[in-house]
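Feature annotation from TrEMBL assigns transmembrane segment to 20-43, 49-69, 81-99, 105-124, 145-169, 175-193, 237-258, 264-286, 298-316, 377-402. The domain 'Major facilitator superfamily (MFS) profile' feature in TrEMBL is assigned to 165-419.
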Amino acid sequence: MARIFADLTPLRVSAPYRRLWAGLGISNVGQQMTSVAVGLQVYDLTKSSFMVGLVGLFQLIPLIGFGLYGGTLSDAFDRRLVGLISALGLWGCSILFMLQSALSINSVGVLFLVVAVQSAFFAVGNPARQAIIPRLVPKEMLPAANALSMITWNIGFTLGPLIGGLVIAAFGTVSAAYVIDVVAFAIVVWAMWRLPSLPPILIAGDVRPRAGWGAVKEGFVFLKGKRNLQMSFYEDIIAMVFGMPRALFPAIAAQWYGGSMREVAMVLGFLAAAPAVGALLSSIFSGPLGAVRAQGRWVIISIVVWGSTIAAFGMVRWLPLALLLLMIAGAADNVSAIFRTTIMQSATPDEYRGRLQGIFTVVVAGGPRLGDVEAGAVAAVAGEAFSVISGGVMCVVLALGLGRAIPSFWKYDARHPIP
């Protein structure tokens, strides 16, 4: 059975990892409820997919700057402290979302502002959270730990939209979703507080890394010529920029499967949760992934499956089939994410992990935001269906083309992790 189901060994051997794993999972449920609520609130105020897509732009801009700089903080300072401060900032943003709704401010500008601040704190903290994991579990357990982390991540992406949609439908307002997020995010603050101190590891003769843009440059210098690490970034950018239809879900729920506000909220919750359901199932049955050596090859294959199913989703109007296609897409994207994360962690020296995680954060979290802008802009010109279908097709074409252009990634062997 251990070869089929997820390997739970990291949870058994590391209490700090276990607390962090649980805290991030619970808090992510609340964060995804807020994500659904923000998208629905913007669409309700503007009736525009383009404006919903702009949420991604306001997330992307601070994500780039703070994500890169945040990676240097993770290499220069105690990673627990960096993660804790960012968690407190994110908790504060959750409180602001709750207050703007409770006070009926109804301002898209205020929503964009809070989204931008939230993105900045996420960008600073995520490199620290990811760089912490290799310090909490042995190297040979990283694939299992990453699969377990993806389980909690996808539980959040599954339950968050579902609960968010149901709560909004039940109360007829987004305020209830924001309140639950505030309560849930307190858990991750506690989990970060309970971590042990994690200062930089210095080998005799090493100089303590410094935070700053010079350190950011050092990260890019390290990345130069590292084709396999570069490919792990490129393939994810392709998948998320062209294949991510998230910003279109409010309009799709209203126009393709429309009805009352409550019905639209429920359909939106189902659409947003479906990819995460597939991802969660692929994580639960991730046991065989630990034995995979050709990890780069499976990244490319997974992204091709993702793009193909997204394009098919744009062609159907029967909700059960649409949800099934999104589940398959989510499973494929999750397999890609597990292998890309493992490649990055295994092939990167510890002294560069924070900076590379900063770049990784910009790519992994920034790609979907840029994808929101791209999807919303194309939909504004040619409609939601064309935006979804063309994006999926473009994803497949570019993923295969880049894989052919850089064959070393296809041949990547996990037993010999070459960056």
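From the backbone N, Cα and C atoms, a Cβ is placed for every residue, glycine too.
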Looking only at residues six or more beyond either end of the transmembrane segment (175-193), which have a C-beta under 8 A from one in the stretch?
19-20, 22-24, 26-27, 29-31, 33-34, 36-37, 80, 83-84, 87-88, 90-91, 94-95, 97-98, 101-102, 163-164, 167-168
Using Cβ atoms and a strict cutoff of less than 8 Å, what residues sit near the transmembrane segment (145-169) while being 6 or more residues removed from its termini?
6-8, 10-11, 17, 21-22, 24-25, 27-37, 40, 133, 136-137, 176-177, 180, 262-263, 265-273, 275-277, 279-280, 283-284, 286, 289-290, 330, 334, 337-338, 341-342, 345
The transmembrane segment (20-43) vs the transmembrane segment (264-286): three or more C-beta pairs under 8 Å (separation of 6 or more)?
yes
Mind pulling out the one from 105-124, 237-258, 264-286 with the most Cβ pairs under 8 angstroms to the transmembrane segment (298-316)?
237-258
Over the domain 'Major facilitator superfamily (MFS) profile' (165-419), what is the model's average pLDDT?
82
Long-range Cβ neighbours of the transmembrane segment (264-286) (under 8 Å; 6 or more residues past either end):
4-7, 32, 35-36, 39-40, 147-148, 150-151, 153-166, 168-169, 246, 249-250, 252-254, 257-258, 319, 322-324, 326-335, 337-338
